[in-house]
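Here's what TrEMBL has on this protein:
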type     : residues      : note
COMPBIAS : 252-272       : compositional bias 'Low complexity'
COMPBIAS : 273-286       : compositional bias 'Polar residues'
DISULFID : CYS163-CYS199 : disulfide bond
DOMAIN   : 1-240         : domain 'Peptidase A1'
REGION   : 252-286       : region 'Disordered'
Amino acid sequence: MNGFGDGILGLAFQDGLDTTKHHSTLPFFLAQQTLLSKNMFSVWLNQSSETTSESPIDPLGGRLILGDPDPSLYIPPLQYFPISPIPIANEDYSVSTSYFYSFPATSLSVNGNTIPARQGTLALLDTGTTLIQMDSATLMQLVTQFNGVLSYNADKKWYDGRCVDTLKLPPIVLNLSGVEFSLSAKEYMFALDGSDKTCFLGIQEYNAQPNSPVLWVLGDVFLQKYYSVYDLENKRVGLALAVDGKLTTHTRVSSSSTSSSTQSLGSIQTTSNPLGQSGNSAAMETAQTKASSSKRIVIGLFLWLPAIFLLM
């Protein structure tokens, strides 16, 4: 781990409370020991975090909250979506469900032009993925909407263009199970390190294995803007617009003080909520956002250029 981490904390979906075939994850173990009131966790990534090749580590990259979501870190509404497990073929030809936090994707749109997701497409929340990844057919249709501003860079295997042009591109709206999530150009276009001339698209091609569902992998490009909740007890994930807080320090929270409310951010900048409902979806619920006295544990995260690690 090159001296800035002791390992990787596994928080994969294990079919909720079913641990008959799996090892218990940390939230399950803590809930079992009554250190948490619920078997769930959530992730807030600091939108103000900055990393470069010279300074690849940001010690204030975000927070991992074990237990109930922290209402000070997101702007309501918090929308929940039931997890749609991905069937995985085992070596013995049996089929088991996957470890992924996935749910149906509907479409994406640019300037009101809608690109339907391919049949059976699933959106997958993954903090271990830096960018957004999607199938090549949908990605090509998306890039076409930008009218030649972006071109494919075969060496880098991404789309890029002049920053002066790319930062004028319109928002991309992802429709996930009937709820729209918007990303502006400055949130999906990134300047190459040390240069403000060329910017690349933070969405790359991903092709699933044969006979597997089409996947949109929503990595940190998406999760920096949207606070994500992983409810293992009820087998669902939640998303809400994240607050943009400029942290100055992490306050360590021990298990003996988990019943107290989490510390507030030093400075919070809120914007209007672009997360809107599009149509009725039986798969969607609106969470209550009242402050909770339930037990929770807050762990500071530091952001490393290609990944996220626990602050040890």
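Every residue, even glycine, has its Cβ placed from backbone N, Cα and C.
Owing to the predicted nature of the structure, the values given are computational and were not obtained by experimental measurement.
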**Fill in**
Within 10 angstroms of the C-beta of CYS199 (disulfide bond), the count of other C-beta atoms across all shown chains comes to 26
**Asked** Mean pLDDT, the domain 'Peptidase A1' (1-240)?
**Response** 86
**Asked** Counting only residues 6+ apart in the same chain, whose Cβ is under 8 Å from the Cβ of CYS163 (disulfide bond)?
**Response** MET189, ALA191, ASP196, LYS197, THR198, CYS199
**Item:** DSSP three-state assignment for CYS163 (disulfide bond)
**Value:** helix
